[in-house]
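Peer 1: I grabbed these lines from Swiss-Prot:
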TOPO_DOM  1-14  topological domain 'Cytoplasmic'
TRANSMEM  15-35  transmembrane segment
TOPO_DOM  36-843  topological domain 'Lumenal'
DISULFID  C145-C173  disulfide bond
DISULFID  C189-C427  disulfide bond
BINDING   V219, D247, T276, I277, W278, D379, W380, S460, R482, K483  UDP-alpha-D-xylose binding site
CARBOHYD  N306  N-linked glycosylation site
DISULFID  C446-C459  disulfide bond
DISULFID  C448-C457  disulfide bond
DISULFID  C529-C811  disulfide bond
CARBOHYD  N530  N-linked glycosylation site
DISULFID  C794-C822  disulfide bond
REGION    824-848  region 'Disordered'
CARBOHYD  N826  N-linked glycosylation site
Amino acid sequence: MSLHRTLRRFLRKWKALVYAVSFILLIQAFFTFQSSPNLMEEEHLRRLKELQIKKHQELANSMLQGERALVHGRDKLVLNPRDPGFREEFFKHSNNEINILEDHNIGQVDKMEKPVLKPNENKFEEIHFATEKVPEIIVKYQPKCDITIKDSISALSRATTDRCKQQIADAACKMQDGTLFPKSMPRTCKHESKFTFDAPMPTSFDPDIRPVRICYMLVVHGRAIRQLRRLLKVIYHRDHYYYIHVDKRSDYLLREVLKETEQYPNIKVAPWRMATIWGGSSLLQTLLRAISDVLRIWKDWDFFINLSALDFPIEKDEKLVQYLSKYRDKNFMKSHGREDEKFIRKQGLNRVFVECDQHMWRLGERQLPEGITVNGGSDWVALNRRLCDFAVNGNDQLLTQLKHWYEYTLLPAESFFHTLVQNSDLCETFVDNNIRVTNWNRARGCKCQYKHIVDWCGCSPNDFYPSDLVRLRTSRPVFFARKFEESINQEVVNHLDFKLYGDYPPGTPALHSLWENALRVNSKMPSDCNLSVVSMLQVEMHKKDEEFVGYVVTFDAGWVGRRGAGDDPATSEDGSRVQLQAFLSPQPSLRILDRSSNLAKRLETASVGTNWDVKELVIRDWGGLVGPNSDVHLVARWSRSEDDFVVTVVVIDPLNVVADYNDFRTPSKAAGVTETPLSLKKPLRPGRWLVRFYVQRQFTNICAELDFYVTPQEFKGGIEGDSVLREINRGVVDDAQVNAANRNLYSIRTTLNLARNNQAETELASESNHVAGLKLRNWVDFVVSSGWKAKDACLVAQSPETWREAQPRRCFMPRQGTPNLCENTNWSSLSPDPKTELISVKPDGRIR
């Protein structure tokens with residue numbers, strides 16, 4: 001009773017307070033209930049998501065079976081993944097909450113990434129689905145604020161898709177209201193300034209130390225499969241791991257990589273692909289995603305080293321393993337080596353960038369976060385497993401904020417890991433050495449050659465030549481160098497390969513030969529009983545002793561009986577087919593006419609092409625294949641001389657009309673290369689063009705002449721028969737309009753007094769009327785064959801019997817010869833090439 005009376009007195013005295021507290025508790029409970037998750041609704045949504053993912057997996061598995069069949073060359077597919085109806089069904093069920101990973105880039109579905117398909121069981125254990133959420137598909141561009149930043153307005157005016165514009169606008173609005181980035185970030189390193197650990201090469205190695213295992217990530221693109229094979233051959237060891245990411249746009253390379261690496265269980269190809277661009281934020285995303293994969297796939301590697309196909313080792317694997325074993329708790333990154341403020345400005349770290357539509361858009365300036373030190377240098381690194389695990393699985397504030405900050409950063413991979421390590425508890429693991437040498441020639445490598453894909457001027461390293469090998473001598477421990485392109489210079493790669501692992505035996509074939517895939521096309525032609533092309537399979541560039549010698553063309557051919565002109569050779573009476581390779585070589589095009597002239601004494605080579613590499617000083621479209629809409633460059637190589645002089649070149653079109661002229665000076669007191677862009681109005685007239693060389697407008701004396709051919713265009717946007725081809729293949733009609741720079745050509749034409757070829761004009765007008773069919777193809781063949789010749793052919797087979805078995809009896813002739821087998825033909829890409837062949841693992845764990 002006393003307790004009851006006491007409680008009553010308490011309530012009378014504090015009644016108002018009790019009511020107030022009770023009211024507050026009720027309000028809190030109400031809002032808690034309103035904001036708490038609806039468990040039944042969440043369960044319902046979870047089940048819907050599971051059903052949706054299951055449907056995706058079923059469709060992806062169906063697609064996988066079809067892709068497997070394509071990869072292995074099966075004719076009878078369970079389901080054809082190239083069928084637009086099937087792919088439409090697959091992507092129809094896509095939800096933008098599920099980011100399906102990309103496959104072989106078949107089709108033009110750009111709303112989301114597509115599913116990755118596993119060609120064999122050794123490569124992928126499952127079809128992976130990304131966990132990150134992709135942005136909603138924007139139907140209409142709607143900025144959320146009035147954008148006033150000049151750079152952002154410029155980016156919006158140049159972006160083409162609504163989705164990209166929306167990304168730019170969203171970032172710009174957050175920039176303007178100051179919410180895009182945190183003003184400061186936490187620093188947990190106990191050192192006030194940047195810390196660097198010195199890791200010299202030990203004079204001796206402890207044999208009792210457990211050797212490290214390395215996980216190599218190879219980021220590859222293009223078509224140089226042989227160079228990639230050669231790199232794998234020299235860095236391979238059964239104790240290491242290899243994870244290969246093939247660029248989303250390199251379908252040919254992906255197929256070849258999958259085929260070449262099947263026999264090695266410690267090599268995996270990424271089941272996802274990204275289309276990375278120079279300087280793009282996607283480069284860092286690719287690295288982090290790969291690190292996440294290899295952490296999950298392999299549990300016992302110690303170091304992560306990223307390479308490209310343009311890298312090559314300069315020390316043996318054993319020495320690298322010994323060095324890293326000594327410093328297994330360190331991280332190797334190259335710092336910029338200049339003042340921080342200067343590096344930040346040159347790197348664009350004080351600017352905001354957004355990547356979309358395969359472009360890095362500059363949106364404006366930003367302040368660097370307070371509290372941390374921003375560091376950077378090279379994006380080629382060697383990271384220990386502890387840092388890798390922290391970078392992808394950590395969740396502290398510094399890491400989370402840095403990842404967000406670098407989403408809007410140019411060249412993020414060149415700075416992210418440096419900044420993360422220098423400001424975290426791992427700062428004492430930083431070694432200012434990325435264990436490689438890069439061949440920089442900034443006078444040639446910093447030409448703003450990436451302005452078409454990034455709103456910034458950047459630099460790119462140069463290829464190594466034998467004369468650059470002296471740069472490999474450094475005071476710091478280095479184990480790799482870059483860049484090497486065998487299509488530019490193979491001798492330097494041979495030198496390093498032979499130095500590390502010894503010369504190949506005398507008589508080894510193809511040591512100084514190179515083949516590189518250039519093209520895959522389809523072609524069909526009618527024929528009688530002669531052997532006829534059924535389908536062209538691929539074209540490979542061929543170099544020998546550092547010189548381009550031609551193209552190797554692989555094609556299916558068949559014997560076709562007498563049929564109508566429009567019949568398909570593939571439907572011959574007996575279906576007999578063989579596979580052949582043909583060697584096509586360009587005809588000599590440079591003629592020296594006055595060998596006594598100074599020009600003739602110095603001019604070594606001259607050629608015309610369309611893909612001029614300002615950094616390496618070469619034309620990359622080997623053979624000078626020019627079309628009506630090509631940008632044409634004249635490139636000449638000159639020997640050394642004490643005297644220089646002015647060269648005049650005059651360009652004459654197929655109608656014998658002067659179309660352009662240029663004056664330039666030869667290199668002074670040195671050998672060198674000159675490049676002259678020709679100002680020719682498009683479309684160019686198809687046929688034979690002529691370039692004449694004079695010494696400083698001495699037009700009475702032609703020193704040299706160079707031919708090049710403009711080939712008629714057969715397709716427009718991949719479609720045959722477009723009526724616009726008539727105008728394209730006719731070329732510029734008015735002689736007064738043939739020069740794109742509107743130069744006054746009257747005096748040159750008057751001086752040379754060339755007779756216009758009116759018959760050629762009549763023939764050109766007649767030929768250009770054909771926009772499809774046999775007559776257009778014959779015209780193309782005629783122009784191409786004027787500058788190219790088929791030198792030889794060989795049989796793609798194990799035995800000559802293949803030819804005799806395939807040849808119909810009605811086409812057999814006594815004493816008829818059989819083509820040589822390609823494997824016995826030195827120009828063939830199927831002939832032995834031991835320096836790039838991947839073989840079985842040897843007892844020492846290597847394949848070289």
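In case you wondered, yes, glycine gets a Cβ from its N, Cα and C as well.
Where in this structure would I find these features, and how exposed are they?
Peer 2: Cβ-based neighbour count (10 Å, all protein chains) for C145 (disulfide bond) stands at 13.
For C189 (disulfide bond), the Cβ neighbour count at a 10 Å cut-off comes to 20, with all displayed protein chains included.
Sequence-distant contacts of W380 (UDP-alpha-D-xylose binding site), defined as residues of its own chain at least six apart whose C-beta falls under 8 angstroms from its C-beta, comprise N306, L307, D311, K334, N434, R436, T438, F480, R482.
Over all protein chains present, the Cβ of C446 (disulfide bond) has 14 other Cβ atoms lying within 10 Å.
Mapped onto three states, the DSSP output places C448 (disulfide bond) in coil. Within 10 Å of the C-beta of C448 (disulfide bond) there are 12 other C-beta atoms, taking all protein chains into account.
Using a 10 Å Cβ-Cβ cutoff, C822 (disulfide bond) registers 21 neighbours.
Across the region 'Disordered' (824-848), DSSP helix (H, G, I), strand (E, B) and coil residues number 1 helix, 0 strand, 24 coil.
Around the Cβ of N826 (N-linked glycosylation site), a 10 Å sphere holds 10 further Cβ atoms from the protein chains shown.
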Peer 1: Looking at the disulfide-bonded residues C173, C427, C457, which one has the fewest other Cβ atoms within 10 Å of its own Cβ?
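Peer 2: Result for the disulfide-bonded residues C173, C427, C457: minimum number of other Cβ atoms within 10 Å at C457.
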Peer 1: Specify the nearest of the recorded positions W278, C448, C459 to C822 (disulfide bond), where nearness means the distance between Cα atoms.
Peer 2: W278
Peer 1: To the nearest Å, how far is the Cα of C173 (disulfide bond) from the Cα of C794 (disulfide bond)?
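Peer 2: Approximately 64 Å lies between the Cα of C173 (disulfide bond) and that of C794 (disulfide bond).
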Peer 1: Measure from the CA atom of C427 (disulfide bond) to the CA atom of V219 (UDP-alpha-D-xylose binding site) and give the result in Å, rounded to a whole number.
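Peer 2: Here the two Cα atoms are 27 Å apart.
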Peer 1: Based on Cα coordinates, which of the following recorded positions are within 10 Å of C457 (disulfide bond): C189, W278, C427, C446, C794, N826?
Peer 2: C446
Peer 1: Between the recorded positions C145, C427, C794, N826, which lies closest to C459 (disulfide bond), Cα to Cα?
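Peer 2: Given the candidates C145, C427, C794, N826, the nearest one is C427.
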Peer 1: Identify, in sequence order, the residues in the chain of T276 (UDP-alpha-D-xylose binding site) that are 6 or more apart from it along the sequence and have a CB within less than 8 Å of its CB; answer 'none' if there are none.
Peer 2: V219, H221, D247, S282, L283, T286
Peer 1: Residues with Cβ closer than 8 Å to the Cβ of C794 (disulfide bond), same chain and 6+ apart in sequence?
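Peer 2: C794 (disulfide bond) has long-range Cβ partners L580, Q581, P819, N820, L821, C822, N824, T825, S828, L830.
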